[in-house]
Amino acid sequence: MMKQLFPIRHVIGYIASLVLSAAALAVIYGDFSHAANIVILSVTALIQASLQLFLFMHIGESADTKKELYINLAYALFVGLVTIFGTLYIFVWGWYS
Amino acid sequence: MNFDIEKFKVHGEPLIYGAMISIALASIGIVVGLTVFKKWGWLWREWLTTVDHKRIGVMYILAALLMLFRGGIDALMMRLQTAAPEMKFLDAQHYNEVFTTHGLIMILFMAMPFIIGLMNVVVPLQIGARDVAFPRLNAVSFWLFFFGAMLLNISFVIGGSPDAGWSAYFPLASLEFSPTVGNNYYSLALQISGIGTLMTGVNFIVTILKMRAPGMKLMRMPMFTWSVLITNVIIVFAFPVLTVALALMMFDRLFGSQFFTMANGGMDMLWANLFWVWGHPEVYIVILPAFGIYSEIIATFSRKNLYGYTSMVASMLIISLLSFVVWAHHFYTMGQGVMVNSFFSISTMAIAVPTGVKIFNWLFTLRKGRISFTTPMLYSLAFIPIFTIGGVTGVMLAMASADYQYHNTMFLVAHFHYVLIPGAVFAVIAGFHYWFPKVFGFRLNERLGKHAFWWIIISFNVAFFPLFILGLMGMTRRMYTYSAETGFGPLNMISFAGALGLAIGFVILVYNIYWSTRYMPRDESGDPWDARTLEWATKSPIPEYNFAVVPNVKSRDPLWAMKYDKQPLFEDKITKIHMPSNTGKPFILGVVFFFLGFFLVFSMWIPAIVAGVGVLIVLAAMSFDRDHGFYIPADKVIKTEKKLGGGTV
Amino acid sequence: MKVDTSKPLEYSTQENSNRIFGFWVFLGAEIALFATLFTVFFVLVNRFAEGPSGSELFEVGPLLAETFLLLTSSFTIGLAVHAMRHQYKRAMLVFFGITLLMGLGFLGIEISEFVTYVHEGATLQTSGFLSSLFVLLGTHGAHVTFGFLWGAAIMIQLMREGINPATANKSFIFSLYWHFLDVVWIFIFSFVYLKGLM
């Protein structure tokens, strides 16, 4: 019964997400360079997001929509990242000075 | 809450009183008419509660036509005010309101709903489906759009219209510089209809990807359906940006936040940035479906299949991605560095390449075709050269350094009218003439249609070509008057004459609808143009279940293959058909959203909270609803098919 | 309505699997929405005007509590869907209930945080940075609030009707929504709070 209620994939995913959140705290308690901190945050956040997506949300489970879901996600990430980095490019990195 | 009746009043201007009276008279007229002819029940049962994609499409198009006239009257007022130096027809404030609402209405409440209306009517038919994926959500989309549009329209007589341009740049649109409620209307009306549009986007993506008839592979879809699919992908990813931008605007104006302010760490330019992150893809949202419409019409009336199908699809996909990486070309002069401008300059010019591919594909489709010059075909043929002028001047504007000269002049105004009018307006008119017989069972009169066409096409050029020259002479956009010494007078007068001509053209177009309704013979065939795609394979007017039998698609032009290659299309027997039942909740949701928006516009917090709770209650009621629709029995389907006659089943 | 028994209950009719697919598309739109809010935040993040900066404002304790609650609730809603697929109605309802309670706990902490900020003189009106902070967090919080109400409505339907194609479909879609909110929170946790505290 316990095994059926607590499937091992979910338990591992949950523990991993707690560990990754704790690991991200290194940026405030550790002593790394700014660049290293950003890398730590990006890596832990991305892995955690993937955990949710693949282990909990079962993005790949339905065969007849799998391809569409990945394209949808890729398009959303494209637009989101273009908006974030394009805007920063305009107002911060590429600003006339 | 401090209740102050003065806030609601708009003063001065006999024009505004005229508008108030005409709105009141029209409303009373509608109410009295419905009561006298006992049509309330009919209106509720057949239209307000409908979930039928065809009826929803028709309502979208009706609303769009109404808005076309509202926006058109705005345009006439603007052209009259600038027709001669020192005109006194409108004052500066009123002129600001008129050009702002003209832009908003034409883009968001005319072009968008017209296109969404056509996609509602046509797309499920083209893919051989019985309805869209989520019929009730579709009704929600329509009513949110409709009440958003109504909210914007009442601003003219209650409290004052938005007056900071359709792009509502900060700091001008801030509470400090635009103290009337006009821009509150802007943020809320657009927000409400924008949510509806986003839902349309989701709905049509699922419909096109999941509801196609057997055998209708992606690369067998008609080009209009392809263009709608890509358009809706852009809608889904671009509209959230507008949602956020409008929400932040509302926070700035209603709750004193510091997003776009000049002091306290706000950044006014961020608004322009967000607006165009949405705004440029929006241009393609209205133009891509137009490309699809032209592709259908040109292929049908050249009696050939579409040239370069694959490259058509590929170019639209490329446009959809590029449309998200060009937005800074709307504000080259804002202060970003040379590298930024160079990047956006190049990406903008790159869009001309896939667009050029499409133009050549249409030309090659025409080549050696047996062309019949029907009204929809005339619009399509006129589109090609006029749109090319718009496109080429767009490349001129794309060059950042040259743009410092053109920026915010009438040259820009001429450019985007040369793109949007052939690229969106001619397309929806062409599509309207083309699909009209499918929906209503009779054609529009060709002679009147051609009269309207020539008035519109010639007057369009008379109205807008002078603006290119005026722009190069130095006339900036949005100036409400000018002195005689500038020399702007004569060309502006010509432009006004063109605007009058356009108005005549549109009046003929509407008269044609009236005339054809009375006198045109019924089209029994269901396929009056000898067309190629599935929507023409069912009866006209379309029965509520669309297809008595779901078609089996085996090629790209299935109807053509059936007619001329004797390829069977409908192979199954007629069985009972499942249909979704009507519901009044989407309409009620729209009404509640309208009041929520209205109360927020006037900062009436307690009523706003009540309306907000009302929204949640309607949503909950929809969640608890268990309606599984109903079945139309097979014998009733057979009876309907016999009654509509002709056709191919 | 045609029921396909080879698939999980929540996918079993054409309409159900359309809904799930449609909701994924909607989540794509939500990604664009939150990306835009992050854009605004990143542009305004150093514009404090007279107000406090992130490092003066943020506290690690409540942050970790919020994170723990949301991560755990995302885990339990996953378990609820798993139980649903095995037709364990009771277990499903328990996990579902725990999820919503944790969501409520998260909201409680977030609201008390906001109250603290305001008491320290950091309001929506203070600076560009604070406006963008409040609206980014507030939008996420509003999503959680809406999720709580929505989830409660689904739980009532589950208790009334049991696990059937309609309720299973709604529950599954709700779980997607809830996991998505957790993903958004991870990015807020990393790039708003931790980066601010760096």
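Every residue, even glycine, has its Cβ placed from backbone N, Cα and C.
Note: TrEMBL annotation is automatic and uncurated.
The annotation domain 'Cytochrome oxidase subunit I profile' is assigned in TrEMBL to B:36-554. If you look up TrEMBL, you'll see B:15-37, B:58-78, B:98-125, B:137-158, B:185-209, B:229-251, B:271-294, B:342-364, B:376-400, B:452-473, B:493-514, B:587-620 (among others) marked as transmembrane segment.
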Whether the transmembrane segment (B:58-78) meets the transmembrane segment (B:137-158): three or more C-beta pairs under 8 angstroms: yes
Chain residues outside the transmembrane segment (B:98-125) and at least six past its termini with a C-beta under 8 angstroms from it: 53-54, 56-61, 63-65, 67-68, 70-71, 74-75, 77-78, 90, 131-132, 138, 141, 145, 148-149, 152, 155-156, 161-168, 182, 186, 190, 193, 197, 200, 204, 207-208, 211, 224-225, 228, 231, 282, 285-286, 289-290, 293, 420, 424-425, 428, 431-432, 435, 438-439, 478, 534-535, 538, 542, 546
Ranked first among B:15-37, B:137-158, B:185-209, B:376-400, B:452-473 for CB pairs under 8 angstroms with the transmembrane segment (B:587-620): B:137-158
Folded-back contacts onto the transmembrane segment (B:185-209), same chain, C-beta under 8 angstroms, at least six residues removed: 100, 104, 108-109, 112, 116, 119, 123-124, 127, 129, 132-134, 137-138, 140-149, 151-152, 155, 159, 161-162, 164, 168, 173, 221, 225, 228-229, 232-233, 235-236, 239-240, 242-243, 246-247, 249-250, 253, 593-594, 597, 600-601
Chain residues outside the transmembrane segment (B:15-37) and at least six past its termini with a C-beta under 8 angstroms from it: 43, 77, 90, 94, 154, 156-157
Model confidence over the domain 'Cytochrome oxidase subunit I profile' (B:36-554), averaged pLDDT: 94
